[in-house]
Structures are given as structure tokens and as C-alpha cells.
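Structure record follows, encoded as C-alpha cells.
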Amino acid sequence: LKKFGPRKWIPIVMVAWGTVSMCMAAVTNGEGLVATRFFLGLAESGFAPGPVYMISLWYRRCEQAVRIGIFFSAATVAGAFGGLLAFGISQLDNTLGLRAWQWIFILEGIPTIFCALLAMWILPDFPETSNFLSPAERELCIQRLKADVGPATETQFSWPQFWGALKDWKVHAYMSIGLVHSVAFASLGLFVPSITLGFGFDRVTTQIMTAPVYIIACVCTITFAVSSDRFQERGYHAASTTTMGALGYALLIFTRENSVVVRYISLVICTCGVYSTVPLMLSWPSSNLGGHTKKGVAIAAIVSVAQIGGVIGGQVYREVD
């Protein structure tokens, strides 16, 4: 991203992801599915740290959490309507000779590629090379960022900064936080429909009832992000949201014999806490690390290790549970 610039790099990986997604519709054997899933993950890994890193290069530290929160809220809203969309796509089974699962990959890939072409036209690169700002605006943007980060203003690639990011114990602390939180995040994202189904709804009602959970979580996510930027503080906010998530999980256990309303509220509390933590967790290191290279390597390392939580999270809930 640093070498090619966001305007090129982010659309490249988006087009790669969308193309591989559509190719998966043609896969009919296990070996091909594993191969395409590998390339899909490769494209996604190239995208995941990009928006967070890009936001950190355009906005002051006290302005980042709310931007990351707004960006991440798109994933929350997607969770609200993903189930309903999947149900709708299931009705396309055998349309044009394609099964419903093939339509899912096609209808995920086409909009992604379309959005990538828009991003190539809309996305700016770095403040120093932006074309949509006037010279005076560009200079103001650069100076306000310099004043915010203090002496850590190095923008060129630096091997000492690269190794410095990997040797910094604080980066490893952030990586640990990201890992353990992503276990809760990944498992919750995968199994909210299953948890809701366990409340006794039918499958269609279950998909409808998941939407309010994610919408409330979206509002909560942005609220905590705004508060974090307003008070210029990350740690206590993240501690509050993770505590909320833990409380929600505990309530899901202790209220399992209670009414559906009580259990549903417990699920909302859990989802709000888990989802609200993500923008805080991502903006925390980007606020504290200076120098483009160290910041970029650290964010990529934190996001990469956090993905391992997805491997663990997928195994947390068994069908019998």
C-alpha cells in the first residue's frame, strides 16, 4: 500500500477478491474449493489493514476512532442484512442452471469489483500527493499531522522502523489483545443466527430477528468511537466495551432458562460490547506509533495475528451446544 498508494493497492486487492469469489461459483470439487479459498484469503489479507493504515495517515489521533468506527460499522450493518440477503439468494436456486450457493459467490463478487472501480476514481493517495486539495489545503493537512505526531514524522520506508515494530513489546501487547478479542468477535459473528434460532424462532424469523441486534451494535460502536475521540482516550473505553461483551456472554449462560426477551437482551449486550471494541482496538496502536513504516508494519501484524482468532472462533460453538 505504501509503495503503490491506496488508490491503486486497495482497488487491486478488491478486484482480486471479487474475481476469485466469482470463480468459486465454478468450483465443483474439494481441492478446487481449498485453492480458491486460499486466494480469497490472500486478497482479503491485503485489504484488511489498508483502511486503518490509510485513516491514520490522513487524520489526527483524536480523529481516528470515529472514522474507523464508521468504516467498521459497515461490517456491522452487513451482519444485520446478510442473513436476509442469503435467504433471498436461496430463492434463486436452479435459476439459469446455477445453484443458490453459486449465486452467493457471483452476487458477492460483482458489486465488489464495481466498488473497486469507483474506489480507483474516488480514493485519495497520501496527503503529500493528493490532487483534490489545493496547495494551501495540502500544506495545512501536512502541518496539522506533523504537529499531532511530534518528532515521529518519518514518511519514507525504514528498515530500523520495520524491525522496531516487531521488537516493540507494546506491539505484541496489542497483538495479544487483538487475538483474544477476535475469538469472541469471530465466534459471535458466525453463530448469532444459531443463538437466535435457539430462542425458538423459525429460520425466516431468526434471520429477521438478527437485524436489530446488529443495528443496535452499530449505533453503540459509533457512540463509543465518538466518545473515545472526544476524550482522547482508548484504554478505558476498550476495557468498558470488552467488559460489556463478557457480561453479555455471562448473561447468555445465566438466563438460558429465562424468557426469550431476557435472552435476546443478553445477546444485544454481548454483541454491542464485542463489536464496539474493534475500532478502539485498531485506533489505539495507530494513535501511539509514529513513523509510516513502524505504524504500517505494526497495524498489519496486529490485524494478521487477530485473524488467528477466527480459526479458534469457528470451533468455539458445537452444534450440540
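Glycine is no exception: its Cβ is also placed from the backbone N, Cα and C atoms.
Quick look at what TrEMBL lists:
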- 1-321: domain 'Major facilitator superfamily (MFS) profile' (DOMAIN)
- 9-28: transmembrane segment (TRANSMEM)
- 34-56: transmembrane segment (TRANSMEM)
- 68-89: transmembrane segment (TRANSMEM)
- 101-123: transmembrane segment (TRANSMEM)
- 177-201: transmembrane segment (TRANSMEM)
- 207-226: transmembrane segment (TRANSMEM)
- 261-284: transmembrane segment (TRANSMEM)
- 296-317: transmembrane segment (TRANSMEM)
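A contact between the transmembrane segment (68-89) and the transmembrane segment (261-284) is present, since 3 or more of their C-beta pairs, 6 or more residues apart, lie under 8 Å. Take the transmembrane segment (261-284) and the stretches 101-123, 177-201, 207-226, 296-317: counting Cβ pairs under 8 Å, 207-226 has the most.
Listed by sequence, the residues of this chain that lie at least six past the ends of the transmembrane segment (177-201) yet keep a Cβ under 8 A from its Cβ atoms are 79, 83, 207, 209-210, 213-214, 238, 242, 245, 249, 252, 260, 263-264, 267, 270-271, 274-275, 277-278, 281, 302-303, 305-310, 312-314, 316-317. Non-local neighbours of the transmembrane segment (9-28) in the same chain are 1, 3, 36-37, 39-40, 42-44, 46-47, 50-51, 54, 98, 102-103, 105-106, 108-113, 115-117, 119-120, 123; each lies 6+ residues outside the stretch with a CB under 8 Å from one of its CB atoms.
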